[in-house]
Amino acid sequence: MALPGSSRRQPTNRSLVSHCTHHHVAVFLLTFFSYSLLHASRKTFSNVKVSISSQWTPSCLNSTAFELRPYELWNSSHLFPNAEEATLFLGTLDTIFLFSYAVGLFVSGIVGDRLNLRWVLSFGMCSSALVVFFFGTLTEWLHFYNKWFYCCLWIVNGLLQSTGWPCVVAVMGNWFGKAGRGFVFGLWSACASVGNILGAFLASCVLKYGYEYAFLVTASVQFAGGVIVFFGLLTSPKEVGLPELGADDEGSVEEDANRPLMGDDDVDDDDRNYSIQAADTDSQPKAIGFFQACCLPGVILYSLAYACLKLVNYSFFFWLPFYLSNNFGWKEAEADQLSIWYDVGGIVGGTIQGLISDVLQKRAPVLAMSLLFAVGSLFGYSRSPNSKPINAVIMTITGFFIGGPSNMISSAISADLGRQDLVRGSSEALATVTGIVDGTGSIGAAVGQ
């Protein structure tokens with residue numbers, strides 16, 4: 001005789017494979033690369049900070065620049081008298097971006113649950129690409145340098161880029177249930193790290209022609225990706241006549257696919273009848289409110305935890321190439337390529353830790369152990385010698401224990417929180433919850449700057 005709740009512990013891999021179609025694969029790839037392109041354009045800014053700092057300072061302080069005459073004309077086109085003030089402004093731009101990004105995430109999650117996710121995502125990608133082009137390419141071609149203009153553009157860019165993550169997580173949550181969610185989302189959440197690698201690769205390839213071409217290439221690719229998403233992305237299975245998650249006749253197995261891994265398995269069925277979202281006779285469930293989403297179990301706690309974690313993760317994201325160039329004296333292109341190993345560690349970490357959490361049927365213990373090891377890896381990396389192979393190894397380990405948990409919280413756990421019993425598995429909670437978690441995390445990252 002089966003124990004109560006044992007049906008919920010059935011193997012999930014078979015269910016995952018049996019429900020996977022070519023539409024699932026297409027959605028996985030489109031959402032993966034759409035957010036990768038957003039991160040690639042975002043990463044470009046951190047990869048060319050040395051070049052931007054040099055361009056914004058006079059030639060007498062920049063040994064790599066040609067000394068142009070007359071000196072007064074050359075000096076008048078620059079924003080800052082020295083590299084220190086230029087670096088401080090670059091950090092200010094990071095802070096401005098993250099605060100606007102955080103605010104945008106809270107709003108984008110709500111908008112994504114009420115409008116077509118495909119429209120919101122493609123609009124954000126194309127519009128952000130245009131802003132990046134104006135910021136890094138057009139201003140340099142026109143030799144137009146203005147601090148307030150840069151700040152305004154980066155505020156708008158943060159708001160537009162915030163449309164990406166809530167939308168792609170919501171779309172993935174519509175197509176993939178709890179069956180192997182830790183592994184699937186762990187593998188899929190590597191999109192941010194792949195985007196970082198892609199951005200670093202593209203920037204290092206064209207940096208010799210000028211930093212403006214790094215912005216041009218990534219912005220062009222991102223705009224093209226937004227067009228492809230608009231015409232190709234399916235936001236839910238019902239668009240192609242497939243049953244939605246939990247809507248098939250198999251009932252108990254797939255109904256469990258919407259249940260997060262952080263609830264109590266022994267809760268009585270009568271207790272599950274309570275829902276903060278009233279039953280609706282319409283086939284399209286209504287989106288829950290912002291404060292209702294905040295009151296869902298685990299949302300606030302994981303949001304605060306992610307704020308602390310993203311503070312550390314984005315310190316590496318924004319400043320690792322700059323740190324390697326200035327601390328060890330390595331060339332900027334070499335520092336960009338070496339920084340890729342941090343993202344490699346995050347990709348492996350998110351996938352393996354997600355798989356372990358599926359096997360254990362628990363996420364929190366995996367996160368806690370990983371973050372404990374992250375403390376030691378951070379201490380070790382701070383003592384890294386001036387050796388590229390050793391630095392790359394320690395960097396990869398650090399990415400494994402920091403990037404891995406970061407990917408889990410922002411993807412698999414956000415999907416768990418947005419599809420728990422209190423919202424009856426409604427997809428219209430996914431984008432809102434994801435925006436809350438990632439928005440709170442971005443506030444922590446902004447404070448870190």
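Cβ coordinates are placed from backbone N, Cα and C, and glycine is handled just like the others.
What TrEMBL lists as compositional bias 'Acidic residues' is 246-255. Taken from TrEMBL, the feature domain 'Major facilitator superfamily (MFS) profile' covers 27-449. If you look up TrEMBL, you'll see 244-264 marked as region 'Disordered'. Here TrEMBL flags 21-38, 86-107, 119-136, 148-171, 183-207, 213-234, 299-320, 340-359, 366-384, 390-409 as transmembrane segment.
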Contact yes or no, the transmembrane segment (390-409) and the transmembrane segment (86-107), 3+ Cβ pairs under 8 Å, gap 6+: no
Stretch in 21-38, 119-136, 183-207 most in contact with the transmembrane segment (340-359), if contact is a CB pair under 8 A: 183-207
Paired segments the transmembrane segment (21-38) and the transmembrane segment (148-171) in contact, 3+ CB pairs under 8 A: yes
Among 119-136, 148-171, 213-234, 299-320, stretch most in contact with the transmembrane segment (86-107) (C-beta, under 8 angstroms): 148-171
Cβ contacts under 8 Å made by the transmembrane segment (366-384) with residues that lie 6+ beyond its boundaries: 305, 309, 312, 349, 353, 356-357, 360, 390-391, 394-395, 397-398, 400-402, 404-405, 408-409
Per-residue pLDDT averaged over the domain 'Major facilitator superfamily (MFS) profile' (27-449), given as an integer: 79
